[in-house]
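The structure appears right after this line, and notes come after that.
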């Protein structure tokens, strides 16, 4: 490799420093030695998102040292990228003037994102106070829109042009504009009443002759959202229609702002994350940097629900205590039936919850999907009934016990398919997030049905 | 509202037709009546992604009618958006010339996406045969890169400029270019050996005077990927660093193509989906339009694993059959201990699996997270031990039984926290996807420990 190559490679690498374990170790070493210069050399080339990750991964003591040595460099981007819990900790330990300087450089949508979830209202007030008047008004305006709405997501900074302008006029205007958004992908065409009527990609403007009217090169497809539309609608549309940016209007169809794909991407990301955690009964507000007591509090409610449902299942078992006293093998085998039903039910409900979230499961195909899940449950039920029937016979030398466990298995896996789709669909209909509540209902059903079918059949056929 | 408003609203609405239930009903009606004209009126204004969704939601019989009446309109975009399973069904029922026409209009990355998962190799051959030579070579080249690599994800269509050009030269070049990509957001600056050295946003080019050199306005941050980099790395970087497009190079750092945010967004989306489904033991290749037998096959393996683990748990119970025969209350209460442990373990493992996926859980904080999960498990264990102890006493009038279930609960919830983080981390270390396998291991541990602790303590203290 010759000299030129070498220099260029260095240059490229310089831009691409990432947070890896060796660098993290060096940072922790510099913090231990309280070596401000080494710390700055290590942190300075990192992207704000990586510095936020670093802050999340070190201990609280290390964080305090880092803030002491490096607080002047903690900018708005780093604050935006932090976990919500940690953000409050860091905001409260940063000097007020550093916070003010950090937030002033942010776009209004990022400021909104920064303060909308602060528990500490005095922190929010301090941040608002640090903004200049126009930005503060914009942020306060955005905060009047409902949480999780398009109005909270949009940035006020837009690039517009009258729809009768030519390409040349647009370029001249852009060259003379005092301030343009950090990132923009379209010029929005408006009518005289400031209502958006279409948009033109920057690529089209750049590749078209100056005299062509903008209206000749506008995109075929142009989707707008009302400021009050839920952000999940917006994220769905970005994903479904491959949008890059979309316009937000007020109730009179007047332009308010623009939402860009990176905002939509983080909404999608958060929603998938929320679904994953809720399906497992974990509060989606939690984060890895929570402390023990926070974690205890966040896990407790779901475990409480599970305790109640498993006591329900125990009540079913208690009805059959005389049978169990006579045939102890039933106590040995009964968890198998319940557990298989619980697993099959979880499979069906997860598929259903995701299909509801992605709008693949609708009124048009819900009966077909239910039929399919029940049929699949029954067929798998028969397969495992044969296996377990044989296990029952071999283990306990009792053919009828094999039949009982087999039949109970078929019943429970069929019910699991039915409940696994039916319960999330019903919850969605009545306006409850199916990701949040389906699990408890479905496993209650499969536990109760599993124990009841197995012990009930045993009482009928084995005594 | 005056006349002008009316017209404009109609115009706006015209662009924003979406697939809703009323329209879906009308389409099904038109299919039943075999009314080609009504069908075309209903489908023509829909986005390709919505038509793909519609094809997924109607029955197989309706799909065949739709293809008969409307096959000439099924374009490359619709095919790209279809579920993989359905795509093969539809490709095989479309006339060959319609398929050829549909694929010719696609970008090369979309053709790669279309054919890389076709089971039917003759369909892939027919599609390749329909492309013109340059595109076919590009697609075949892309297919030489490993599956799920940056090389498969990139599009060959790029906009480049020598790094010494001015803004004016770039604009003149773009205006005279014969063919430009459908969407592009940056002009990539290259050196004489076609190695990318930086990039400039279109917004900057548009807002800068003609005589300024491109190198003066290039972005600070410029990230490139090797064609062999895994797509998950690419998606992570897009999300972490808020990229809009990124350049792909070969092993000699020469420019090969570009990946845009919409591709990265669908990778992220697929990965979250895969994690959700794998955590529930569902094969992520499946889809809502699978038939019953496909569903049976996809669910079977996980249920099989679950059967083995629950038999393991039963073997533990069987060791204590004499104890159960003496105190039947143990059979009634034992599922509670196991179920609480299973739930607490699932909570911990889901948090851990996601934190591994988002790279928030690393060597730097793994011990802190394990300590926190174990501590949270023990604390919740004590809380529920007290509740269950009281329930045990009240229900069965046996204080020692209350103590046994309480102590077993504390042990199992502590173990659940340990296994919930430790098992996914260990699986990741040895290269197994923690989302896929953690669930089985963790619930086996909590079942075995739960039954063993509860029945073992009962044998020691109650007999």
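Just so you know, the numbers here start at 1 and follow the chain as drawn.
Positions of Cβ are set from backbone N, Cα and C atoms, glycine also.
Positions annotated as domain 'CBS' by TrEMBL: B:217-274. Mapped onto DSSP helix, strand and coil, the domain 'CBS' (B:217-274) counts 26 helix, 15 strand, 17 coil.
The transmembrane segment annotation in TrEMBL covers B:300-320 (among others).
Per TrEMBL, the feature transmembrane segment maps to B:332-353 (among others).
Within the chain, the transmembrane segment (B:374-397) has long-range Cβ neighbours (under 8 A, six or more residues past its boundaries) at 329, 333, 336, 340, 344, 348, 403-407, 409-418, 420. For B:374-397 (among others), the entry in TrEMBL reads transmembrane segment.
Summarising the annotation, TrEMBL assigns transmembrane segment to B:403-427 (among others). Long-range neighbours of the transmembrane segment (B:403-427) within the same chain, counting only residues 6 or more positions beyond its ends whose Cβ lies under 8 Å from a Cβ of the stretch, are 333, 336-338, 340-342, 344-349, 351-353, 356, 361, 366, 369-370, 373-378, 380-382, 384-386, 388-389, 392, 433-434, 437-438, 441-442, 445-446, 449-450, 453-454, 457-458, 461-462.
Sequence annotations record features per position, and here TrEMBL assigns transmembrane segment to B:439-462 (among others). With a threshold of 8 Å between CB atoms, the same-chain residues lying at least 6 positions outside the transmembrane segment (B:439-462) that come near it are 279-281, 302, 305-306, 309-310, 312-313, 316-317, 319-320, 323-324, 327, 330, 333-334, 337-338, 340-342, 344-346, 348-349, 398, 400-401, 403-405, 407-408, 411-412, 415-416, 419-420, 423, 427.
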Folded-back contacts onto the transmembrane segment (B:332-353), same chain, C-beta under 8 angstroms, at least six residues removed: 275, 279, 313, 317, 361, 369, 373, 377, 380-381, 384, 388, 392, 401, 405, 408-409, 412-413, 415-417, 419-421, 423-425, 434-435, 438-439, 442-443, 445-447, 449-451, 453-455
The domain 'CBS' (B:217-274) [mean pLDDT, rounded to integer]: 92
